[in-house]
């Protein structure tokens, strides 16, 4: 991906990837054609929004209104319009990202902290 | 790689979640006490109404204390939605029994937070919650004593009037004042 700022890949799936930018302290989500850059607090809010969608209702409700879910990425001006498959893929991507962020916290806590003076 | 999650907040997600649940519980308690105050006012128990107004304020202050803590630690404090507040009660005694049950529920919730904080080595939250642990000793005592007055004084004759007058005088740890 083209970007002048150094990015660290956090997680990748067949539908997209996420990166961390240590210069801007932001998480970049590349999902399909969409690319958004979020502060960590906004990333966590966005993940909560994606996780809170009732997938069961989307599957079993035949009304057209339940075919897609529109989710706003905080303070980016971007709306994700997601089909059921997109939603599951995005959840998977964000869950993987969250896992890596937590793993990084754990590594910082247990290993790297002892190196900071 | 920078630890962005830790840079944002020292609160672990689980702790932030249960603290927000507690914020909601305190807000709910405050609303219930306000409803009890109104019920007492409607039914002529003026002193008890004053007692419940005071309790309602206290619960709101507890909520704010928790709210400020979550915010100060870099967490996301959620302004709670308060629903299902009972507006009618079966009787004078019933109001106080419900108040005692509410305090017991709050104590249990606080104990769970302390337990969780210790499990996750969150000593700051553990230390912060100790104020609430002590506070609940007093809150439960006062609520239990209020229910006890119904047995000690009795509800017959001028009993309810006497109980109503005695309610605001209940204090913890100062028998002389009662």
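Just so it is clear, glycine is given a Cβ too, placed from its N, Cα and C backbone atoms.
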| said: Quick check: of B:21, B:26, B:81, B:156, which does TrEMBL put in the same Fe cation site as B:59, B:62, B:103, B:136? | reply: B:26
| query | If you count the C-beta atoms lying within 10 Å of each candidate's C-beta, which of the binding-site residues B:26, B:59, B:136 ends up with the smallest number? | reply | B:136
| What is the total of other Cβ atoms whose distance to the Cβ of residue B:62 (Fe cation binding site) is within 10 Å? | 24
| Using DSSP, what's the helix, strand and coil tally for the domain 'Ferritin-like diiron' (B:9-154)? | 116 helix, 0 strand, 30 coil
| remark: residue B:103 (Fe cation binding site) has its Cβ surrounded, within 10 angstroms, by a count of other Cβ atoms equal to 21
